[in-house]
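Per TrEMBL, the features are:
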DOMAIN    185-352  domain 'Aminoacyl-transfer RNA synthetases class-II family profile'
BINDING   E409  Mg(2+) 2 binding site
BINDING   E409  Mg(2+) 1 binding site
Amino acid sequence: MEEKVTSDLVGQRDLRIQKLQQLVKLGINPYPSKSFRKDSIGDVLEDFEKFDGDETVLAGRLIAWREHGKLIFANILEQTGSIQLMIRKDDLVKDLKNGYLGWDNLQLLDIGDFIEAYGVVGKTKTGQVSLMVKNVRLLTKAIRPIPRELENKEQRYRRRYLDLVIHPESVRMFERKSKFWQVQREFLKKEGFMEVEVPIMEAVTGGADAKPFITHHNALDQDFYLRISTELYQKRLIGGGFEKIYTFGPHFRNEGMDDEHLQEFYDIEWYWAYADYKDNMKLVKNLFLEIARKVYGKTDFETRGHKYDLADEWEELDYSNLMKEHFDIDIFNDSDEKILKVIKEKNIEMGGEVNRNRMIDTLWKSIRATISGPAFLVNQPKFISPLAKSHEDNKELTQRFQVIIAGSELGNGYSEINDPQDQLERFLDQQKLREGGDDEAHMLDIDFVEMLEYGMPPVSGYGHSERVFWFMENVTAREGTFFPQMRHETENSTKEIYKGRVKFEKKKK
């Protein structure tokens, strides 16, 4: 590598481009299509005895380079790990025709380049597993230097690809996230569930209290909503005869952003015919334990100051009893004025439309923040549960449960309404709330009511989002998402490099 260094990014980029041009003059393709990698670094490190003394080809990003006369120590990194390369001048075979660099060409490499190395696996005198290199081939010339660190968390989210290079722990976390979803799919398959696909764009959206995103379908000349839930379409499939089904995919809710909420997130949701909410509660607890044990190898966690063990007994908390105990409020009979007075006296913040449902929900959330769990919240009132079936012995309470862990709701399930007249009345009540300005209330889906009139068997549904993962990892929503939505910005260095060739939007004030 050349000793010449410039401190500014643009200058370093220019030096790297000069090296790229020199490589091209030598007949080296700086961006070949194929690598001849034979093994992963992780396999070599984990099973050294198997590879010791054998020839192999490894590949990865160049992350370190140390010259000692006629010997160079380098390190390459790929997803499974990092390994040291030992490059001796006398052992390196030059073959530019086939892309193999000679000793005098190595100065054209830079930290950040992707390279391929052929050699013999062994250990140094200090016992470090290394590859004794015979050939080096360039796979990708990086013309921007990798920074030592990113300025702040926002930079990590905007340039996740750099975060993953600089912070190996980020790679490990997202590998766990992949396993988090894989374990759930395997669990549901084992339980007899079938994965199905349902629309992402919906003419009428529903299944949750949320404000939707709106898009326009040009061919149909009609506005559609990005789904906030898969509930109503999955129930249509239950009505059509399927018995155990689930969906996995993106959901969209046009709401505020905080440590627990993103407007775009992944969710798993299932429906189980001939089962009720009690059956589903057992299944959900078993699933949480399965995730904990197979992804993390433990059942105890700490999230935002809350300690909990998923192997403990899951307490059942009664909604109306909690409200009575904490605020001395009868949610069915006390006036709106009394409820609002309590909110003000307790200095509880309340956003959005002020109506009875929202006020009661605001009070509940202040209680929820104190609960470590694991627990199930049960017996929610009908007026805040428009899709849940009522108890047969008390029509004002519903057969619903919510998973409460670390002061938050991590999942929601219930025995589903299959009485078309009951469902219509619930929708009409929600419609009144929408007309009163509550844009999170459910839309009236008359086509869904029509389906119910043809008959749908007893069914219980449940869903949770990747928030469960964020809580198990004890990270924020944006930390636990590869590319969280953010206001678009272009780096100043990029603007400087491409000014005159690319038009950049002016930053909004």
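Cβ atoms are placed via backbone N, Cα and C, with glycine included.
Mean model confidence of the domain 'Aminoacyl-transfer RNA synthetases class-II family profile' (185-352) amounts to 94 (pLDDT, 0 to 100 scale).
Taken residue by residue with DSSP, E409 (Mg(2+) 2 binding site) is part of a strand. Cβ-based neighbour count (10 Å, all protein chains) for E409 (Mg(2+) 2 binding site) stands at 17.
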